[in-house]
């Protein structure tokens, strides 16, 4: 780095130098140094360094690290033993495929993410430390899966073995692909891709394939991993699986089944639609099949779900709770019925259907007006009919809302219906705060963002209230009394008399009436909404909430037998007084969603920016087309 001194240099030091000249040079040098220093300070303050020497964004550095050079685990793609697209359908589509909607030239899209300012060195170090903690926990869980359950659907973290529960196509492996990529785990990602290349989607551990789980976990995982890595084998496998899911639409009405019969496809018998399904099953096929059409240029996948979108669109205001769809619907018979049900919820069985309404608009860049209307109608109706304010001891902190369940009760005497709101909620509904926040930015509606904040604070409150720092799977809070401003900004006051008179389970925090399912099964929905709120608003409360939640989760779920994540049996126990018991299950969404959302909450905002990516219900990021 440094060269030797030239010979004779020492003789230069003995040459006489006038004293006055040295003094003059010294004073001017000091002036120049001070001026130069001040210039640098001003340059720094106005952001000159950042413009002249811009920092390479993390997303760019990560892409270079993960996508440059040869794969560390070479692979040869193995085609599935049956090419589903070549099998003749029993009920072929007789109409021309519906093309993907196109945006008008010059259309601009509102920004989704908050414009974060440059963080201080202290904040960056704190954030990096938190992110490393999430990454370390992920590596522990992935290593446990790799050691004890490799290529199985799920790890049993207490018994140190694996099991197949979702067709036997290595659900945890496929579901975790993009998490490995996002966390920069190059060796683990390359090894997983090599394993995916060998999956035969014609051989299943069960003859019946659940279309919902196959779509969100497998197809979603493959599409997102391809978007990030551009590994051709991942798109090839996504097309194979997409063709299998498309075969699930081989019915007389071209509506999808809930469970695909593999034997019926192979024999050309067509599929048989179930008499009744939960609305989330068909309603959560849209993002993945739309994105597969975007990537392949083949409109048949989007065309399949376009019929569903049309059915939902023309029926939305004919239901017993206009704007919302009943939890149970029927696609069976010549005339599908999506309007007659009497139970309306944003929880299990319906949740992701609603999540996909604004997200499909986002993926299509708001090019389909009917989808935008579907979103607005659902958001308005849910706000008016499903949300309530709970009564909590700290009334000053009661800027929260909870999502309940509405049941329609007919009155035969008056021949009218009444709406009864059940205050029972569940962890699954905690996604809704993030959905409202996203819709608030996507549709430039401040009211949605405000509602999303309150709903997300409600879930954060439920986490903080229990001694483990975790929220139960299903619970009931005490609503504010009738006549309280349940939808207004003001909170209702704590009423001790009302609380004392309320029938409730013993041992729960004040304000909580029932905990009908006390488990925490590694679910992601609460941190999902906290992540959205942080990225969309930039308010510090959400970053702080994410860290508190992570600490609670990390302290409770790690199985000493394997290092994997294990479900908690009862979140209401006090860890300082008794041991927290765990269950022998680690769902694939633990790595695919929960840990990914925690990691992204502590990552630079350019990593999986919400302005560039649309996340499916399994947290798989789909690259949003520029137009």
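From the backbone N, Cα and C atoms, a Cβ is placed for every residue, glycine too.
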Stated TrEMBL location of region 'Disordered', expressed as one of 88-132, 133-177: 88-132
TrEMBL annotation (transmembrane segment) - matching range among 14-31, 32-49: 32-49
Secondary structure composition of the region 'Disordered' (88-132) [DSSP: H/G/I, E/B, coil]: 12 helix, 0 strand, 33 coil
